[in-house]
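Record features, source TrEMBL:
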DOMAIN    B:134-339  domain 'ABC transmembrane type-1'
TRANSMEM  B:21-41  transmembrane segment
TRANSMEM  B:47-66  transmembrane segment
TRANSMEM  B:78-99  transmembrane segment
TRANSMEM  B:141-160  transmembrane segment
TRANSMEM  B:172-196  transmembrane segment
TRANSMEM  B:202-219  transmembrane segment
TRANSMEM  B:251-273  transmembrane segment
TRANSMEM  B:321-343  transmembrane segment
Amino acid sequence: MAKRIDVSGLTAYYGSHKAIEDISMTVEPRSVTAFIGPSGCGKSTFLRTLNRMHEVTSGGRVEGKVLLDDEDLYGQGIDPVSVRREVGMVFQRPNPFPTMSIFDNVAAGLRLNGSYKKSELSEVVEKSLKGANLWNEVKDRLNKPGSGLSGGQQQRLCIARAIAVEPKVLLMDEPCSALDPISTLAIEDLIGELKERFTIVIVTHNMQQAARVSDRTAFFNLAAVGQPGKLIEIDETERIFSNPSVQATEDYISGRFG
Amino acid sequence: MSTAITEKRPSTLRGASLPKWSPYAIAAGSVALGLGISAAAGLDSSIQWVLIAGLLFVLGTYAIAARVEGRRQAKDRVATALVWVAFLLAVVPLVSLVWSTVSRGVKVLDIYFLTHSMGLVADSEPGGGIYHAIIGSLEQVGLATLIAAPIGVLTAIYLVEYGRGKLAKAVTFFVDVMTGIPSIVAGLFILSIMLMFDMQPFGFAGSLALAILMMPVVVRSTEEMLKLVPNELREASLALGIPKWRTILKVVIPTSLGGITTGIMLAIARIAGETAPVLLLVWGNSLINSNPFEGAQQSLPLYIYQQYANSAGSGAAYDRAWAASLTLIAFVMILNLVARGIARWKAPKTGR
């Protein structure tokens with residue numbers, strides 16, 4: 001059920017400012033693809049174009065094609081709401097819904113989409129929490145508010161919430177940047193398990209993390225501040241970190257950047 | 001007035017400082033001095049010696065602290081002194097208002113007073129009650145809330161969640177203008193419509209004018225509350241494939257429900273005390289009329305005004321006016337307490 005993403009000639013704007021330019025790449029199903037690059041190079045913007053969250057920002061607009069198994073996400077008559085049901089997202093900062101319990105947080109996607117059977121709900125919640133390696137920690141307090149959990153637990157709650165709606169692709173925007181090393185390890189292990197079922201794209205500032213979790217790595221860069229970000233290269237993670245084909249990649253990875 | 005601790009230490013971090021009790025001593029000294037000055041000058045108003053004492057307190061604090069502790073600490077102490085003086089000056093009228101209302105209002109405030117109208121009692125005689133005014137106030141304010149709260153909340157949702165460009169700017173502008181409408185103007189506006197259709201005064205006309213006054217308050221407070229909801233929650237919801245309207249209904253509104261309710265309650269408290277539009281549009285009635293859509297009604301603020309104005313100096317009428325004032329204050333206070341209760345109950349939970 002994981003799907004392939006084919007991006008071709010994608011350019012994204014914030015108002016009149018061009019944030020990323022002419023990006024083309026393929027993301028393989030059931031794999032982890034990591035985006036690395038300096039701040040402001042458009043990694044997160046590009047990630048958000050993959051589930052049409054970019055246009056939620058005021059002035060956000062996109063040109064180009066994003067094919068999800070041969071269907072263009074930006075084609076005519078495509079409903080962004082349906083796109084986001086297929087392509088889930090986990091954000092940088094854990095953001096559980098503060099008015100909802102742990103159970104309701106995980107069930108939120110199903111409940112608010114209106115597409116569920118009541119009898120299945122608790123089953124789905126349990127499955128999702130187990131999938132996010134959180135079940136054992138919270139099974140006795142499912143009715144407590146989600147905001148009472150620790151930061152790492154909250155982030156795994158958000159992952160559980162995202163996988164509860166059974167997306168085909170899971171986008172992660174620096175999911176560990178607000179977490180301590182132990183919670184980071186927990187999430188990285190989780191990513192390794194989730195890639196059996198989902199196509200995963202992860203943005204990270206941590207190159208060791210990219211090297212640890214990803215199968216393929218894409219390096220983004222921008223020529224200068226104010227210039228649009230571009231995809232420099234995408235390759236097997238091993239090759240990117242050992243023998244990249246572009247000099248800029250090697251400079252960035254070895255810390256000789258700028 | 002106070003002695004400095006002037007033991008010299010080699011430390012550069014510790015300077016001379018006034019003892020802890022010095023502010024109280026300065027306060028007591030300036031009160032005594034203020035009383036003395038006003039007695040000597042033959043000023044008999046208590047406001048004057050209070051102001052003199054307040055001024056002396058601030059100046060004295062600065063002078064003494066500058067002497068002992070240095071200029072920087074003196075400025076700090078003066079700021080503290082100013083805050084305290086301002087606080088006391090603000091509290092004094094509030095306390096005295098509540099005190100005089102309660103002490104004069106309890107005289108005739110009893111069950112009989114709350115359950116009887118003025119139907120058989122002339123304004124100058126003792127007896128009678130405010131039942132008709134309570135009924136009228138509740139109905140007029142209730143209907144005004146039914147109109148203004150939904151419109152106000154929906155307008156705020158439009159402005160925060162959807163509004164872009166010129167229309168939103170125009171709406172914001174008109175809401176700002178509406179906030180400044182004097183209540184008598186809102187009353188005249190409805191009155192002109194009533195005259196066009198040759199209608200007699202009735203309760204609902206008052207409700208309409210009150211709704212005009214209430215709407216901008218609700219819009220403003222709801223807008224602020226919706227803006228406080230972090231954008232991340234909206235994005236989290238949208239990224240789950242939840243449509244925007246359900247995101248607003250199930251995520252944004254519940255998160256800010258406590259604040260929105262508080263805002264509506266405060267707006268109700270504001271219109272509950274309006275007299276001018278009620279006087280123009282509802283007229284007042286000494287009989288019980290529980291139908292807001294036909295015939296003149298009474299309301300609490302209007303009752304207070306009429307008891308005072310039509311009584312020709314009768315003590316019984318003054319007592320009733322005070323008792324009605326106390327009822328009105330209690331009503332507003334209960335509303336505020338309910339609002340706080342709801343805000344606490346609905347606030348996003350943080351417990352473990």
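Cβ atoms here come from the backbone N, Cα and C positions, even for glycine.
Sequence-remote contacts of a segment are chain residues at least 6 beyond its ends whose Cβ falls under 8 Å from one of its Cβ atoms, and for the transmembrane segment (B:202-219) they are 136, 139-141, 143-145, 147-149, 151-153, 155-156, 159, 175-176, 178-179, 181, 183, 186-187, 189-191, 194, 263-264, 266-268, 270-271, 274, 277-278, 280-282, 289, 291-297, 299. Between the transmembrane segment (B:141-160) and the transmembrane segment (B:321-343), fewer than three CB pairs separated by 6 or more residues in sequence fall under 8 Å, so the two stretches do not touch.
If one looks beyond the transmembrane segment (B:172-196) by at least 6 residues along the same chain, the residues whose Cβ comes under 8 Å of a Cβ in the stretch are 155, 159, 163, 205-206, 208-210, 212-213, 215-217, 219-220, 274-281.
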